[in-house]
């Protein structure tokens with residue numbers, strides 16, 4: 001029975017990110033068409049990420065003390081309604097308001113992960129979660145292309161929003177077939193108590209993390225997050241304004257990058273075997289890929305030919321995938337078994353901070369300079385990441401020598 005529920009959850013996860021893939025690549029350009037500046041587009045991105053950081057634990061705690069199925073259905077209903085409304089609004093203020101509301105209520109992926117953890121034992125959890133993530137990624141690869149085609153029609157953005165909403169309503173139907181995930185104990189604490197206890201627990205764990213001693217490891221995670229966010233937040237607008245591509249071609253480009261990233265993840269084992277077989281930590285690998293990302297960003301800046309752009313974006317996409325895994329691998333490899341959850345949580349918080357601050361900063365810089373500068377911005381944190389990687393390499397060498 002768990003197998004059939006697993007397939008339902010996988011389908012919900014796929015359709016959720018497929019729907020998001022339809023919408024997200026279009027949203028920045030839609031805001032621009034309504035008269036928004038790059039700063040406003042960045043502000044909306046930052047506010048959305050900030051709202052997700054706050055509302056995520058609330059919905060997660062609600063699903064812990066209530067029924068995950070009910071919380072999921074409520075989240076899907078509210079998301080579907082909000083996406084429907086977005087297609088018919090032409091005021092920047094109301095569009096931003098609805099987007100913020102989506103940030104509050106849309107937590108499909110998090111609830112689905114919690115459901116998987118309820119259904120399967122811990123030894124199978126990593127496998128189940130990785131499959132769910134892989135299917136979700138496939139949805140985000142296909143979505144931008146289809147969304148691009150639909151957006152080229154008259155009132156195309158409205159159709160995309162309605163189609164996105166339709167997928168959320170379809171997920172409501174699928175969610176109705178899932179079992180109830182009610183708490184096992186009758187005297188559950190309130191949501192407020194759960195959140196307070198969780199925050200106290202987080203605070204206690206953070207005290208155990210020696211930030212001063214591990215500043216280099218955490219800073220690499222932050223620099224990676226800033227570099228990738230600076231590119232991916234601005235890529236659709238850059239393609240539209242600098243290369244004058246239509247939304248269909250932008251969708252193909254985004255899907256192409258997604259395919260390269262997915263292939264990179266599956267090829268990482270072979271990369272390690274060929275180039276880093278005798279490396280006990282991944283600091284040298286991170287130095288190479290931070291440097292590659294920085295060089296790729298600089299080459300993209302000096303490229304006026306879309307064919308060369310496609311060529312130079314490949315090393316950037318590969319670097320982003322390798323560094324996403326390597327930064328976590330290095331971080332978790334330097335802590336005790338009891339601290340892995342804490343270090344992982346701090347790392348995720350750092351990634352969230354990067355997603356929060358980057359759109360705002362990049363939008364402000366672009367408004368004062370030009371959209372062309374946006375493609376060069378990732379080279380700065382990537383270059384800093386290279387220098388920090390050298391510092392870590394030296395640190396690891398000293399540890400090996402017993403200094």
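Glycine too: its Cβ is placed from the backbone N, Cα and C atoms.
All TrEMBL annotations are machine predictions without curation.
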Where TrEMBL places transmembrane segment among the ranges 197-214, 215-232, 233-250, 287-304: 215-232
Range from 39-59, 71-90, 128-150, 215-232, 252-274 with most C-beta pairs under 8 A to the transmembrane segment (371-393): 215-232
Contact ranking winner - 7-27, 39-59, 128-150, 308-325 against the transmembrane segment (215-232), Cβ under 8 Å: 308-325
For the transmembrane segment (252-274): best-contacting stretch of 39-59, 71-90, 128-150, 156-178, 308-325, by Cβ pairs under 8 Å: 308-325
Among the ranges 7-27, 128-150, 308-325, the one whose Cβ pairs under 8 Å to the transmembrane segment (71-90) are most numerous: 7-27
Contacting positions for the transmembrane segment (308-325) when only residues 6+ beyond its ends and CB under 8 Å are counted: 224, 227-228, 231, 243, 253, 256-257, 260-262, 264-265, 268, 271, 285-286, 289-290, 292-293, 295-297, 299-300, 378, 382, 385
Leading stretch by Cβ pairs under 8 Å, where the reference is the transmembrane segment (7-27) and the options are 39-59, 128-150, 156-178: 128-150
Tertiary contacts of the transmembrane segment (128-150), as residues 6+ beyond its ends and Cβ separation under 8 Å: 6, 9-10, 13-26, 109, 112-113, 116, 119-120, 156, 159-160, 163, 246-252, 254-255, 258-259, 262
